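Participant: Before I ask anything, let me first share the structure, which is written out below as structure tokens.
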Amino acid sequence: MTTNIISISQTTSIVLWTLCCMLFLSTTGHTQTTVDTIPASQYFAKADTLLTYRKLDSAIVYFKKALPIYRKAKSWERVARSYNKISESLRRDKKYEESLTNAKQALKISDQYLPKNNREKAYGFDNIGDYYCWENLEYDKAFDYYRNALNVKREILPDDHWEIAKSYNNMGMIFHFHRAYDKALEYYKKSLLIRKKTLGSNHIETGLSYFNLGLTYDRKEEYDKALIYMKTALSIGTNVLNENHIEVARYNAGIGRLYQKRGEDNKALPYLKKNLSILSHVYGRKEYKLINALNMVGISYRNIGEYNKAMNQYNIAIKIEKKESKYDRSPSIYYIYNNIGIIFKDKGEYDKALSYYEKALYDIIKIKGENNLSTAIYYNNIGNIYRYKKDYDQSVFYIKKALEIKIKLLTENNSYVSDAYNDLGEVYYAKREYNKALLYYKKALNIRIAIFGKNGLYVTRSYTNLGNFHTEKSNYKVALENYQKALRIRRKVLGKHHPKVAVSYNDIANVYAIQKEYKNSLLYYEKAIIANVKEDQYLNPNILLTTLSGKAKTYIHLYQESNNSDDLNQAVITYNKADILINDIRQTFTTYQDKVAFAQKAKAIYQGAIQTQLLRYTTQKEQSILERAFYYAEKSKANTLKELLSEANAKIFKGLPDDVVVLEKELRIDKAFYQSKVSEERSSQKIDSLKITTWRFL
């Protein structure tokens with residue numbers, strides 16, 4: 001970003017330097033006048049300080065107070081400078097058209113009254129370049145203006161002047177936006193070298209160069225280098241600026257985002273919270289300026305599994321957006337909708353997730369068009385939701401659409417491209433097209449290792465998928481190796497208590513169970529439960545339900561092998577816990593489709609619970625045991641049906657997918673059949689447990 005700010009620690013020197021300039025200008029041939037410009041000098045100095053502190057509205061007021069005095073005095077250089085300063089202030093406040101108007105006025109004054117090549121002309125070119133860069137995203141036009149500014153400066157300034165460093169910085173920024181990152185680094189380093197020499201190492205402009213280098217290394221996904229440069233920028237900013245300065249906020253946000261990309265959200269949160277705190281202090285009632293900061297904090301809470309805290313941040317952002325829309329200044333919050341969608345996806349509420357992803361997609365296409373990285377990401381997310389909903393053709397369609405945009409915008413060796421390859425692998429795995437799945441898994445893994453290293457958090461998803469593949473192919477040793485790699489990295493990066501750590505324990509436990517190593521399996525299921533608990537709360541109930549189901553099945557297998565009643569009793573206890581958890585999770589769903597999807601998941605668990613009670617009944621012959629089996633059948637059947645039929649759209653099937661209609665019909669038939677059999681069996685003298693096992697319990 002183009003900048004023209006000076007260290008706050010030098011505020012006194014700013015005022016003295018400005019006053020000296022005013023006295024000098026009063027003796028030049030351009031200002032042969034008796035008009036007193038001292039008040040203008042005072043207004044200008046105050047405005048410049050306000051601009052430095054990013055008090056933009058106030059800065060503009062004082063620059064405008066200085067302007068007519070300078071004009072009356074025919075102090076044309078200061079008139080042009082005032083227009084340029086107003087232009088910069090307006091641009092920083094995102095009032096781009098007004099900024100352009102003032103920059104053109106500065107150039108007009110420059111052409112009429114000043115020498116052919118002068119600093120105000122260069123400043124005006126820089127400001128117009130900023131307009132094309134930030135408002136219209138016309139980077140080539142912006143580059144032309146920045147280059148014109150540099151050419152003017154070279155005519156009147158030494159090669160190592162700090163204003164030439166500013167031009168190098170601006171041109172580096174354009175190369176950055178064009179994704180010519182090596183070229184951007186070249187120009188940013190030129191800028192840094194001059195700034196360190198002329199302004200010193202502890203100057204805000206020098207800090208800006210460090211930050212821009214960090215941003216570029218971030219884009220190159222060289223995160224260790226990026227972090228070094230950004231932390232240097234933050235150190236400089238903290239030393240020379242007020243703790244609540246907007247630039248310090250930006251540096252904190254940059255470091256926070258870097259830690260997010262490295263998967264270190266616990267480290268990211270302090271920086272992102274500091275960014276939010278500073279913005280709240282700086283902008284006060286302009287709450288719409290806080291939306292992106294709220295979003296970033298929400299992302300980190302979501303990534304560490306604290307969904308309620310994440311939703312709180314997102315809801316605050318949406319509340320602000322709705323309030324600001326009344327004043328026609330509502331910012332786009334497509335990224336908030338996307339991130340809410342991710343939370344619902346993580347919680348298994350796929351229809352809700354899809355609705356938020358579609359909101360985000362509609363918003364981003366309306367604003368930025370199809371060929372945009374965010375658009376590709378939202379297509380990718382929609383594709384994944386269709387995969388979870390088992391609509392694999394739709395899933396492939398959306399993910400390939402995302403992949404096409406990503407490859408067009410980025411190099412193939414990029415993390416966003418690896419995400420699309422990985423997701424395609426998961427779709428083909430679900431379709432049982434294993435060779436295609438393996439091909440895409442390997443593509444994703446190779447890119448991720450190249451970018452993040454073998455121990456990067458984002459590599460764990462590839463290791464997990466390879467583990468799934470080898471489990472399916474009965475290569476259990478290789479599967480365990482991949483799952484253990486994922487677990488080791490997740491524990492190191494995310495800590496002992498995280499949903500993804502619990503998932504890795506579940507994966508390992510499942511492989512041990514398949515190999516009939518039941519003791520090892522139970523050990524890892526217990527670890528999964530512990531990993532899913534933090535501050536006496538479960539982090540992810542859906543993952544916990546998978547753990548309890550696997551644990552209960554393992555106890556049943558162990559009982560069948562050992563005939564130890566303790567194992568059977570542990571299975572009973574575990575299914576009881578699963579039943580309670582199913583009730584809790586079921587209450588969170590509000591859409592018909594999500595309830596049906598969860599009913600299908602619960603079906604298998606209740607079948608296991610019923611079979612466990614029947615195993616008990618074969619040895620103990622107690623009526624209460626059989627009643628417990630009936631209880632699970634009732635819970636699985638009648639309660640599910642009651643829940644579904646309470647929805648208005650469960651009564652009118654027009655427009656519902658065929659599989660939903662078929663499931664509803666089966667539920668009604670099964671319930672009627674079940675009720676008749678319950679009555680029949682309860683009226684008989686002898687209860688036939690074998691007959692009960694043949695019923696189609698839901």
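Yeah, the Cβs are placed from backbone N, Cα and C, and that goes for glycine too.
These came from TrEMBL, pasted as-is:
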REPEAT    165-198  repeat 'TPR'
REPEAT    207-240  repeat 'TPR'
REPEAT    291-324  repeat 'TPR'
REPEAT    334-367  repeat 'TPR'
REPEAT    376-409  repeat 'TPR'
REPEAT    418-451  repeat 'TPR'
REPEAT    460-493  repeat 'TPR'
Participant: Using a Cβ cut-off under 8 Å, which residues of the same chain at least 6 positions beyond either end of the repeat 'TPR' (460-493) come close to it?
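Facilitator: Distal contacts: 262-264, 422, 425-426, 429, 434, 437-438, 441, 444-445, 448, 500-501, 503-505, 507-508, 510-511, 514-515.
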Participant: For the repeat 'TPR' (291-324), how many residues does DSSP put in helix, in strand and in coil?
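Facilitator: Secondary-structure breakdown of the repeat 'TPR' (291-324): 31 helix, 0 strand, 3 coil.
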Participant: Do any residues, 6 or more residues outside the repeat 'TPR' (334-367), come within under 8 Å Cβ-to-Cβ of it, and if so which ones?
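Facilitator: Contacts with the repeat 'TPR' (334-367): 291-292, 294-295, 298-299, 302, 307, 310-311, 314, 317-318, 321, 374-375, 377-379, 381-382, 384-385, 388-389, 499, 540-542, 585, 588-591, 593-594, 597-598.
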